[in-house]
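> Quick paste of what TrEMBL says about this protein:
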TRANSMEM  64-83  transmembrane segment
TRANSMEM  131-149  transmembrane segment
TRANSMEM  190-213  transmembrane segment
DOMAIN    231-367  domain 'RCK N-terminal'
DOMAIN    650-790  domain 'RCK N-terminal'
REGION    909-942  region 'Disordered'
REGION    949-968  region 'Disordered'
COMPBIAS  949-962  compositional bias 'Basic residues'
REGION    1043-1067  region 'Disordered'
Amino acid sequence: MVDLESEVPPLPPRYRFRDLLLGDQGWQNDDRVQVEFYMNENTFKERLKLFFIKNQRSSLRIRLFNFSLKLLSCLLYIIRVLLENPSQGNEWNLFVPVFLNCWLAKHALENMINDLHRAIQRTQSAMFNQVLILISTLLCLIFTCICGIQHLERIGKKLNLFDSLYFCIVTFSTVGFGDVTPETWSSKLFVVAMICVALVVLPIQFEQLAYLWMERQKSGGNYSRHRAQTEKHVVLCVSSLKIDLLMDFLNEFYAHPRLQDYYVVILCPTEMDVQVRRVLQIPMWSQRVIYLQGSALKDQDLLRAKMDDAEACFILSSRCEVDRTSSDHQTILRAWAVKDFAPNCPLYVQILKPENKFHIKFADHVVCEEEFKYAMLALNCICPATSTLITLLVHTSRGQEGQQSPEQWQKMYGRCSGNEVYHIVLEESTFFAEYEGKSFTYASFHAHKKFGVCLIGVRREDNKNILLNPGPRYIMNATDICFYINITKEENSAFKNQDQQKRSNVPRSFYHGPSRLPVHSIIASMGTVAIDLQDTSCRSTSGPTLSLPTEGSKEIRRPSIAPVLEVADTSSIQTCDLLSDQSEDETTPDEEISSNLEYAKGYPPYSPYIGSSPTFCHLLHEKVPFCCLRLDKSCQHNYYEDAKAYGFKNKLIIVAAETAGNGLYNFIVPLRAYYRPKKELNPIVLLLDNPPDMHFLDAICWFPMVYYMVGSIDNLDDLLRCGVTFAANMVVVDKESTMSAEEDYMADAKTIVNVQTLFRLFSSLSIITELTHPANMRFMQFRAKDCYSLALSKLEKKEREKGSNLAFMFRLPFAAGRVFSISMLDTLLYQSFVKDYMISITRLLLGLDTTPGSGFLCSMKITEDDLWIRTYARLYQKLCSSTGDVPIGIYRTESQKLTTSESQISISVEEWEDTKDSKEQSHHRSNHRNSTSSDQSDHPLLRRKSMQWARRLSRKGPKHSGKTAEKITQQRLNLYRRSERQELAELVKNRMKHLGLSTVGYDEMNDHQSTLSYILINPSPDTRLELNDVVYLIRPDPLAYLPNSEPSRKNSVCNAMGQDSREETQL
């Protein structure tokens, strides 16, 4: 160790501690060299160059001085010519033509403009520079020609400057009057030279100017900074702009009165489409819409759009891309770029894939397409036409559609479609101010009875969460924000009280019969609604009551409607269905024990993507092995190979999709929510073109009765194996691979044809289809010879000509909720600019978000036992007083009463044969023909002979009357139709037998073509209820009424994560 320490060299003097304290003087003896940088710029030559050339401001001064000298010399030449005496002789005066200095002045002007833009640190406009060069060139040519002609004609006519100017203008404009002409050979040669120069120089300048102008038109120029500071504008960022997307945005955005003065700046990287250019040239849009070609990733383009001064920025994804994930990545980068450039600009972002949503959490409003799509399709299976209900609520309409139609259902449907969601503070409202301190259900019922508005939710002043139907225990405060459904907002309403009408000797009576029910009159005119107020004051301390009609007193048992209490009574609530577990079935004790062992309630332990909202669901105690999730493959745990073998008690819900994306998880969650009764849970079968990955299977293996199968709807065998013959609903999701096509509207071609095949093979199956383009819904369940469908097509065209945003609403598949396009929900993002609560309310209705204390959307069906209620107002009272439910609309199904439709031909073959044979043939011949017709169902190949037989009968037309001939024609159509159906039925049955499946339960002749369905949102209180009406309800949260100390079976779950989450939900 001593040797090692002796070998360590001592520290240099400047690193010793003594030197650090006393200072080190040894640095002066170091070999250091001082370096002076930029030495060459200190020379006299460089200083002069810097001052006169490199420095923009000094160079600008020098060039300005040079330009002034050149311009001054030209002015002095003109003054000398004007002051010259023309009578001094015609001698040839040779001197330097000073007027040529104009070209030097032009060159100095161009350099000066360049220095000016460099000095103020701005990039000059190419258009401005080119216009300046053109104007200066044209002026120099004219000035040179004027001075040259005047100078060379001194020995001739001695033209003055005005005559020279007149000659030049006439010559260059190719008019050539001939009253002024050059006489000397030199002036003639000069004119020839100037014309040649003009023919060469000017076309080049004009060509460059035209090219720059065309490029400027393509790029769109800039949005003025002055306009951005004085006017309000929003920016729309898209990767490609289609005419449908543009018109949907403009129609919805400018549907609100307070947005009429806004400008829309479109920032798109592609060149403007021909159709878009044609639309933007319409005066209605040309003054308010500005198209800029550029990228949101470039600060220069964002500066052109004045993004920092914009009121909002809408960033939309391109759903027609083959790779939707790549489209989302582009949207994310655009959102990041806008947030970096303009942090204070509100962002409204549309995303496609749910797994990409967490990248843009900073955005003010986000709409995930697949989340909304699958949740809406799932609710369509249990609440029919939920997609149509949500679409009508998020579209702006005044309820004027279909009012000129002769069909009564179209008038009602069109008028109710004008209902939207609005908000107002309770103490500022005429609708709800009188209900301060009363329960929510009391306020909702009486507001609907008195004003015809439907109160659906509230929000506390100090809380950001919206509560849909918080229930009868919720007490209304003065500062609460009320959300209601009405034809228009309260600020646009005028009120007329019927108590002010003239009163005769008729005494005021109570509301004790149907004749005294209030009549809800709504008059929509110029955005203002006049509402007739009814006398709804309470006549007793217990509240208003509606008694049964006197003619019903003869019956032994007739239920009565209890009054809606102002403040909820604890004892009465305990007797309602709110406290009872809606998911527990009335079963025997043994069945109940087995059911509890099979299912539990809790939060799913695994989510397939980040950002999914936790939902309380029915779960299994143990996850199912992946092999048991395969429906058509047996494994060591079960030996079932088709849906029939499982023996499900409820009908199936089949989802046909291309891949098992993360969005499909949102289809399963609403159907397995904790408030769905166990006995009503439908088995879910996923029919996938591609096998799912392990992450997706790990997410769905906790849900009961969820299976998948690899197959396609193109294959009949796959459809039969997955149980299509006894399915309640078939959901066909649009495939990503077919969303893009050479012709845009052809993207749905494969889906439409496949669904049409399903419709023909399984006519009793309820098929719910998603399309890319809403315009293609007219091809759903297409019948070429159906006159009623043709009449609806004409009605759609008329409504579109009137400027309706919902022209497609009268199509029967859309009205019935059997077709849906996600592009219809684009208006949800646009509406959120005015109504920032619309996305939250829609997510609560669809079950995507669950807020403690907030209700959920469900439905109930009106049966014969419920028809005693009679009207919608009495139903409203019945629901509010018993279960606390709030109805928001009716789904009604009616039969088509049209003889022109193919579906209305009702004369059977056997009936016509019996009539014919009784007149012309013997009884034996008649029996023979009947047996032939009866055997036709067993032998479809006899169709050709049957048609020949029908044609032979039709040739006997002159022997019959006109009515008989019409019957023959109808009989031929009916025979053809039945024969075709029988062939399709035989095809399906043969394939089922080949696959070893039972044909029991397959009903090939059941057809729903003769019915039509539609939605009535917030109908008037006096609307009569009909049999099989489906009423949309917002039911209170059952967990909100459970005591915290009371043990509940709802909280039994096998994982700790679910237990913690459920305790928070109860609180």
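Yeah, the Cβs are placed from backbone N, Cα and C, and that goes for glycine too.
Explain the structural surroundings of these features, please.
Residues 98-99, 101-102, 104-105, 108-109, 112, 143, 147, 150, 161 of the same chain lie 6+ residues outside the transmembrane segment (64-83) yet bring a C-beta within less than 8 angstroms of a C-beta in it.
In the domain 'RCK N-terminal' (231-367), helix, strand and coil residues by DSSP number 59 helix, 28 strand, 50 coil.
The DSSP breakdown of the domain 'RCK N-terminal' (650-790) into helical (H, G, I), extended (E, B) and coil residues amounts to 60 helix, 29 strand, 52 coil.
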> Sequence-remote contacts (6 or more beyond its ends) of the transmembrane segment (190-213), Cβ cut-off under 8 Å?
126-127, 130-131, 133-134, 137-138, 141, 144-145, 148-149, 152, 171-172, 182
> Report the mean pLDDT of the predicted model across the domain 'RCK N-terminal' (231-367), rounded to a whole number.
90
> Given a Cβ distance threshold of under 8 angstroms, which distant residues of the chain, six or more beyond its ends, lie next to the transmembrane segment (131-149)?
74, 77-78, 81, 97, 99-100, 102-103, 106, 109-110, 113, 159, 161, 164-165, 167-169, 172, 182, 187, 190-191, 194, 197-198, 201-202, 205-206, 209
